[in-house]
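Engineer: I have a structure here, written as structure tokens, and I will follow up with some questions on it.
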Amino acid sequence: MMPLLITKGLSRNFGGLRAVDNVDFTLMPGEIRAVIGPNGAGKTTFVSLVSGRIQPSSGMIVFDGADITSQPAYVRVRLGIAYTFQLTSVYANLSVYANVALPAQLTLRHGPSKSAIQAAVMAALERTGLADQAAMPAGQLSYGHQRLLEVAMGLALKPRLLILDEPTQGLADGEIDNFITLVREIAKNATVLLIEHNMPVVMHLADRITVFNAGKILAEGAPEAIRENAAVQEAYLGTAP
Amino acid sequence: MSEASPARAYASHLGVMALLFVLSFLLPEYYHGLLARIMVLAVFAMGYNILFGYVGLLSLGHAMFFGAGLYGAGLAVIQLGWSVPSAFLGGIGCGAVLALAIGLLALRTTGVAFMIVTMMFAQVFYLVILYFATWTGGDQGMVVPQPARVLTFGATALDLTNPTVRYMTALALFSLVLLITLAIVRSRYGRVLVAIRENEERTKMLGYDTFSNKLAAVVVSGAICAASGAAYALLFGYVGSSFASVQYSILPLLWVLLGGAATTLGPLIGTLFMYYVIDITSGYTSAYLLIVGIALILLVLFFPKGILGSIRQRWLGWLP
Amino acid sequence: MAFGPHLLLAALEGLVTSAVLALTALGLSLVFGVMRVVNVAHGEFFMLGAVLAWAITTAIGGHPALGFLAALVIAPLIVGAIALVAEQLVLRRLNYNPEATIVATIGMLYIIQQLALTFYGPEARPVEPPFSYRILLPWFGYSGYKLSVIAASALLLVATWLVLTRTKIGLVMRATQYDSETAQAFGIPVDRVYGGVFALGAMLAAVAAVLIVPISQAHYLMGQDPLLLSFIVVIIGGLGSLRGTVVAAVLIGLSDGIISMFFSPTLAKIIATLLVAMVLVFRPQGLFGTASR
């Protein structure tokens, strides 16, 4: 099977700091991959490079067999790479409906009617359980619901690769359980790349785990193997199990 | 949710048009002429509103687009002897091309730099008009002669200097642009523009080429402002450099702020209200710039949403 | 006159322009640098300085130097006070939002201009120079007053620079410019710093105007050109950079004097404005500034 995403020698410098350092990474279609690592390990920079929010200093990104290194972010989104933000950045002044209509109308480029958009929007809202709040301004949603709206916006893009950047941060326990169910559901027709600090969530969800430290990949493998890995434990020294 | 009430939105706009139509037969001569002028200038404000209200780009140079239409149409009639319709379209074309060029350059900047850059390009446009005084009439301007301002369709001739014809032509242009604005705002494209205003970075990450969308908005906005300028030249017969001066870049901003940015009817209300205030106060003082200045400060301090914006927030959430 | 002396004369005139421009632009640059406010009414503070200078010298009478010295002190103080009030009443309440403050300062521009027209009138009025000594060069005589304007401006620039770099006031201002929230946390009264900076910026424009008014006359529309030129200087010099501002002022002042001697002034303005707009589009950090990224 051909990998969905490959990075080769991917690097990004900020001044003298190598935030991402020569990373070779491969992601197979259908996987749920978790990316973990201590703060400042370069996780968010790495997924920002993949999504095109920032440009690499060197290296190459291949998505579905095509070199996308020099493609701007919006083209990558259209190719199927959706990115949900670490800090909630929904359109606070627009209705929940409008927030999701924006990505939904993009994926219905071929003769989208108002009813087709509406159907797509409501489908994404149903899946995330936000259908009742469709008319509400997004800024008035609770924090947890805003995070779900982020996911709904990502879903409405009908992505092949959905990147979730710390999606459970700030969620209550009950909300986290629902979230795990939702991600499993999404993974049936999309590949998921997940940055996450919450280890139980990672252990529950991930097929494979990639550990970042100091801009490099420290280890990669199945959840059990990573849990046993001595180097990983050292990198996390005192910060997590 | 605005999606729910297209009927009310269209009905209210048609109502405004009908009211303006009826007013043509009721108003005394002076106000009849004034309202025709206000409708043409409201088109200028509507063009400005597309960019400022919906995309959130504050330009301080829109006088150049109005001026492009004004001089494009005026020079075509005076120097080239074009007919009225082709001069009108020529004026719009000038505005659209200029807007495309300015957009390509100015959109590389954001925020304050965008404001200053647009102001500077408009200043260049203004100075160019003064410099080529042989053709443009310099700061004296030019009068478009009456015989050149007649529309002929076969046997019938419409004289644009006739007050009723002038009023109805102004109303037709105003109504057309109002409906175009309404259609844009309610379209998927309008939704993208608002999204860019609210959060450009996020909009990029939802798969939109924000630069191209903004550029298209600059061109549409410039073309509408140019249509207003071209109509002004042909209907009122005067082409002057003062219309390209920085003051005419500030006025549409004032009108839109006053009426309510990002409301379709706000530009008309702002223009109408400002002319009304100036008309009343002109009995007491000739210092109308003082009123413009005070209005600008009071608006940004206390009514940043403008008249219609505040009404929409309090009572009429369905207003487009 | 031969080409050489002609050029020398143009250069001297250019230096006078530069001197006044540097002071005016420095005011604009300080306000932008510390407060991130683009003050469109800056040219009107300049105009107010000149108009007040005329009013003060006329009221005092006697020897021209007496009235002039009084104007040099009083006019900037009045303008500074007006700016302070405007800052407190308007800009502060807008939370220094960049776009709202531009609209508000446009409003101030119209108000000040119209009030000047109403109370001062549309005439251009001269102010007598404090002394009328002429320096005789081999090729032409040159006004001693103009040369003293250059000297006075240089002195004021050095003084401002010393205040900014060597005193506590300057330190407080730079701290506020760098990070106003942290400055606030360290007990710096940010509100008062902003008020002071806005007043200081207006005063620099007013001093420049008092210096130039014996050469060019006081008129209610005289603020427009200095505003445009100051914008140009601040943009070329790099927004908020003091050294860049002075270098750019000299460059613009000299080239303005020399270019307008050989080209039509309108054409010179067209080219200059277009070039500056292009600088802002393609090199927003200015010609002398360094990229922030």
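Placement of Cβ uses the backbone N, Cα and C atoms for every residue, glycine included.
Curation plays no part in TrEMBL annotations; they are all automatic predictions.
Feature table excerpt (TrEMBL):
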- B:7-28: transmembrane segment (TRANSMEM)
- B:34-57: transmembrane segment (TRANSMEM)
- B:64-82: transmembrane segment (TRANSMEM)
- B:88-107: transmembrane segment (TRANSMEM)
- B:114-133: transmembrane segment (TRANSMEM)
- B:167-185: transmembrane segment (TRANSMEM)
- B:215-238: transmembrane segment (TRANSMEM)
- B:250-276: transmembrane segment (TRANSMEM)
- B:288-311: transmembrane segment (TRANSMEM)
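I'd like these features described in context: how deep, what's nearby, how far apart.
Structural biologist: With a threshold of 8 Å between CB atoms, the same-chain residues lying at least 6 positions outside the transmembrane segment (B:7-28) that come near it are 35, 39, 164, 167-168, 171, 174-175, 178-179, 182, 186, 264-265, 268, 318-320.
Distant neighbours of the transmembrane segment (B:34-57): 20, 23, 27, 65-66, 114, 163, 166-167, 170-171, 173-174, 177-178, 181, 184-185, 190, 193-194, 196-198, 214, 217-218, 220-229, 231-232, 235-236, 251-253, 255-256, 259, 261-264, 266-268, 270-272, 275, 279; these residues of the same chain sit at least 6 beyond its ends, with a Cβ under 8 Å from one of its Cβ atoms.
Listed as Cβ neighbours of the transmembrane segment (B:64-82) (distance under 8 Å, sequence separation of 6 or more from its ends, same chain) are residues 44, 47, 88, 90-95, 98-99, 102, 121-122, 125-126, 129, 135-136, 142, 144-145, 148-149, 221-223, 225-234, 239, 241, 243-244, 248-249, 252.
Counting residues 6+ beyond its ends, the transmembrane segment (B:167-185) has Cβ neighbours under 8 Å at 9-10, 13, 16-17, 20-21, 24, 32-33, 35-37, 39-40, 42-43, 46-47, 49-50, 54, 158, 160, 193, 220, 224, 227-228, 231, 235, 264-265, 268, 320 in the same chain.
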Engineer: Would you mind listing the long-range same-chain contacts of the transmembrane segment (B:88-107), meaning Cβ under 8 Å and 6+ residues beyond its ends?
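Structural biologist: For the transmembrane segment (B:88-107), the nonlocal Cβ contacts are 59, 61, 64-66, 68-74, 76, 82, 114, 117-118, 121, 125, 211, 214-215, 218-219, 221-223, 225-227, 229-231, 233-234.
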Engineer: Where else in the chain does the transmembrane segment (B:250-276) make close Cβ contacts, counting only residues six or more beyond its ends and a cut-off under 8 Å?
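Structural biologist: For the transmembrane segment (B:250-276), the list is 12-13, 16, 34, 38-39, 41-42, 44-49, 52-54, 58, 60, 62, 66, 174, 178, 181-182, 185, 194, 197, 225, 292, 295-296, 299-300, 304-312, 319-320.
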Engineer: Should anything in the same chain at least six residues away from the transmembrane segment (B:215-238) have a Cβ under 8 Å from its Cβ atoms, list it; otherwise answer none.
Structural biologist: 36-37, 40-41, 43-44, 46-48, 50-51, 54-55, 57, 62, 65-74, 77, 84, 87-88, 90-96, 98-100, 102-104, 106-107, 141-146, 149, 160-161, 166, 169-170, 173, 177, 180, 184, 189, 193, 252
